[in-house]
Amino acid sequence: MTKPAVSYCLLSCIFALLVVSFASADKDDQDKQEYIVYMGALPARVDYMPMSHHTSILQDVTGESSIEDRLVRNYKRSFNGFAARLTKSEREILASMDEVVSVFPNKKLKLQTTTSWNFMGLKESKRTKRNTIIESDTIIGVIDSGIYPESDSFSGKGFGPPPKKWKGVCKGGKNFTWNNKLIGARYYTPKLEGFPESARDYMGHGSHTASTAAGNAVKHVSFYGLGNGTARGGVPAARIAVYKVCDPGVDGCTTDGILAAFDDAIADKVDIITISIGGDNSSPFEEDPIAIGAFHAMAKGILIVNSAGNSGPEPSTVASIAPWMFTVAASNTNRAFVTKVVLGNGKTVGRSVNSFDLNGKKYPLVYGKSASSSCGAASAGFCSPGCLDSKRVKGKIVLCDSPQNPDEAQAMGAIASIVRSHRTDVASIFSFPVSVLLEDDYNTVLSYMNSTKNPKAAVLKSETIFNQRAPVVASYFSRGPNTIIPDILKPDITAPGSEIVAAYSPDAPPSISDTRRVKYSVDTGTSMSCPHVAGVAAYLKSFHPRWSPSMIQSAIMTTAWPMNASTSPFNELAEFAYGAGHVDPITAIHPGLVYEANKSDHIAFLCGLNYTAKNLRLISGDSSSCTKEQTKSLPRNLNYPSMTAQVSAAKPFKVIFRRTVTNVGRPNATYKAKVVGSKLKVKVVPAVLSLKSLYEKKSFTVTASGAGPKAENLVSAQLIWSDGVHFVRSPIVVYATN
């Protein structure tokens, strides 16, 4: 009679152990997180097999013979590494290995024209210099949300075969067609329900940026009549290769996909990469996927143009901070879209892109605070979801204290909305009539409403106005100083980013809750300014195909239009807002002198940041090591087109910058140094440079001294080298923080 009891007890114990085992397995699985394992450059050995090596490492670390559910992605064409699902302890083991540079989480990053090119002087005219043969051999890689291949902006009509150097493919997925303009397409987004595996653009963002950089010239383009004109890229004859890393279903752009896109784009032999993507915060280079990809691209002669981000106007918000990336801020152009609100007692001017025409008819006005029976005054004033009473807003124009929730007013039956914002240089698109007002104008509307029993207003269709003051830096983009490398100025340059009309994807709505579909749309952000600079860089490369990425970047920076802190309320951070100034494509063709920094210069720069010999060898892929002199070298002495130093607040300072210029102007040239700006005492030695031949190099030092800026302040000057024909301008910035 005891045997059944023993058996029952034994079974119970086994069952309990299985439960614990499964629970433990579930916990282990839940504890796994996707990480990027960065291993530097690909070894030069002919017998090296990256995928086999990655598999072997994972098997050793995890103790599992089958790693199919662990390995996410390999990087094997342009640099070395992989993405994998790891526990915290496995991550730590990998990070300690001699062959590994860094291990960091697979994070999600964010996506960050008919008149802008004319505004910059690069006009559609026979007088505009173009080298179309070389331009047609230029390939711009676009790492973004894909592309709408049927757009006229990407038509292959009139194009010959792809350049012979092209090593890429077109893997665009189902119903995706390539041509001799759109020569390559790849996608790295995960398979999600409702979003086919394809390089097709379901966000509109990638089509917009690609056409801004290199779209064909397409006439009679507008957004419902706004911004009517010819939409074109900076280099219409150039080819486009698309690398899709963002999808609406992913809610961002994954780190592993971005690195895979760089891995392929470099090996595919693109000339320039534009990537309007970034994080909210800056990261060390070895944990920043864009900085990692950009370093290996730079080493192969490819310029990376990256958006500064849209987290401004607060200081220290720029996330694109590596010196081997060209970081772009945003400005306006001389064109603006204005949505007028006509009140019973006058007019006020708002700012948005309103394509809806209410024929000037006036409708009753109601304030969100007065249109709620379920929320407090603050939430109702913001028109927060669930607060508005449809009976109180239906058929009326609703005032909302925030631009975040006009869709809520529409959902409750409002005819239009007037919203308050502290930024009117962001012309957003809405799915019904909306006008955006600054505080003073918004208060004018409120005062009018309080002065009459039956307030009414009309929200008019947007008008296009020209000749506004421009270029002025935008409010929204991220500012310096550089929080990782304080002595490198970021952003580098400013370009048009506000209210840009460019190609769009009919597979995506132009705004949230929008049922309309368009082929061209208006968008705003450093995402839009970034491809402008990529287009300018490609334009320069068509005249100077052998120039290195740093030479092209230097030419653009040192010939930029000067900007200053007095032209806009958002310019108060001066060079930390606009960098070297506003891009000037035509002048950049002939810069006279350039500051060049190649791979070895950047390795020396990393030596000064105390990178280990092991990591330097892995990153460089060669036997690079640091000399004692390089170890002591200051980051400010990288041969960069701008000069920046962080000093102690309110204390006398003296800083020295060492630079070398290369003559790309004319032989037998003599350049004299001139310093503009009285807030710094600057000495240049030598103050005269005589260059007998092209590509001759000359070195000099710049010593800046002074009493010391207050905390959170900067002082600046401009160094200008000139031979009477060329004016090579570099900002000198000295600042103090807390």
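Keep in mind that glycine also has a Cβ here, set from the backbone N, Cα and C atoms.
According to Swiss-Prot, the active site, charge relay system annotation covers Asp144 (among others). Around the Cβ of Asp144 (active site, charge relay system), 29 further Cβ atoms fall within 10 Å across all displayed protein chains. The DSSP secondary structure for Asp144 (active site, charge relay system) is strand.
Feature annotation from Swiss-Prot assigns active site, charge relay system to His205 (among others); the stated evidence is sequence analysis. Counting Cβ atoms from all protein chains shown, His205 (active site, charge relay system) has 26 others lying within 10 Å of its own Cβ.
The secondary structure of Ser527 (active site, charge relay system), as reduced to three states from DSSP, is helical. Feature annotation from Swiss-Prot assigns active site, charge relay system to Ser527 (among others); the stated evidence is sequence analysis.
Taken from Swiss-Prot, the feature domain 'Inhibitor I9' covers 35-111. DSSP places the residues of the domain 'Inhibitor I9' (35-111) in helix, strand and coil in these numbers: 21 helix, 23 strand, 33 coil.
Sequence annotations record features per position, and here Swiss-Prot assigns domain 'Peptidase S8' to 116-589 based on sequence analysis.
The domain 'PA' annotation in Swiss-Prot covers 362-433, and the record cites sequence analysis as its basis. Look at the domain 'PA' (362-433): DSSP puts its residues at 18 helix, 15 strand, 39 coil.
Neighbour count (other Cβ atoms within 10 Å of the Cβ, all protein chains): 10 for Asn175 (N-linked glycosylation site). Secondary structure at Asn175 (N-linked glycosylation site), as computed by DSSP, is coil. The feature N-linked glycosylation site is assigned by Swiss-Prot to Asn175 (among others), with sequence analysis given as support.
According to Swiss-Prot, the N-linked glycosylation site annotation covers Asn228 (among others), on the basis of sequence analysis. In this structure, Asn228 (N-linked glycosylation site) is part of a beta strand by DSSP. The number of other CB atoms found within 10 A of the CB of Asn228 (N-linked glycosylation site), across every protein chain shown, is 15.
According to Swiss-Prot, the N-linked glycosylation site annotation covers Asn450 (among others). Its Cβ taken as reference, Asn450 (N-linked glycosylation site) is surrounded by 9 other Cβ atoms within 10 Å in the chains shown.
Per Swiss-Prot, the feature N-linked glycosylation site maps to Asn564 (among others); the stated evidence is sequence analysis.
Per Swiss-Prot, N-linked glycosylation site is recorded for Asn598 (among others). Residue density at Asn598 (N-linked glycosylation site): 16 other Cβ atoms are found within 10 A of its Cβ, drawing on all protein chains shown.
What Swiss-Prot records for Asn610 (among others) is N-linked glycosylation site. Asn610 (N-linked glycosylation site) counts 8 other C-beta atoms within 10 Å of its own C-beta, drawing on all protein chains shown.
According to DSSP, Asn668 (N-linked glycosylation site) is assigned to coil rather than to any helix or strand. Using a 10 Å radius centred on the Cβ of Asn668 (N-linked glycosylation site) and all shown protein chains, the other Cβ atoms total 10. Residues annotated as N-linked glycosylation site in Swiss-Prot: Asn668 (among others).
Marked as signal peptide by Swiss-Prot on the basis of sequence analysis: 1-25.
With respect to Asn450 (N-linked glycosylation site), the closest of these glycosylation sites in Cα terms is Asn564, chosen from Asn175, Asn564, Asn610, Asn668. Within the set of recorded positions Asn175, Asn228, Ser527, Asn598, the entry lying nearest in space to Asn610 (N-linked glycosylation site) is Asn598 (CA atoms). It is Ser527 that, of the recorded positions Ser527, Asn564, has its Cβ surrounded by the most other Cβ atoms within 10 Å. The distance from the Cα of Asp144 (active site, charge relay system) to the Cα of His205 (active site, charge relay system) comes to 7 Å.
Look at Asn564 (N-linked glycosylation site): DSSP puts it in coil.
Among the recorded positions Asn175, His205, Asn228, Asn564, Asn598, Asn668, the ones whose Cα sits within 10 Å of the Cα of Ser527 (active site, charge relay system) are His205.
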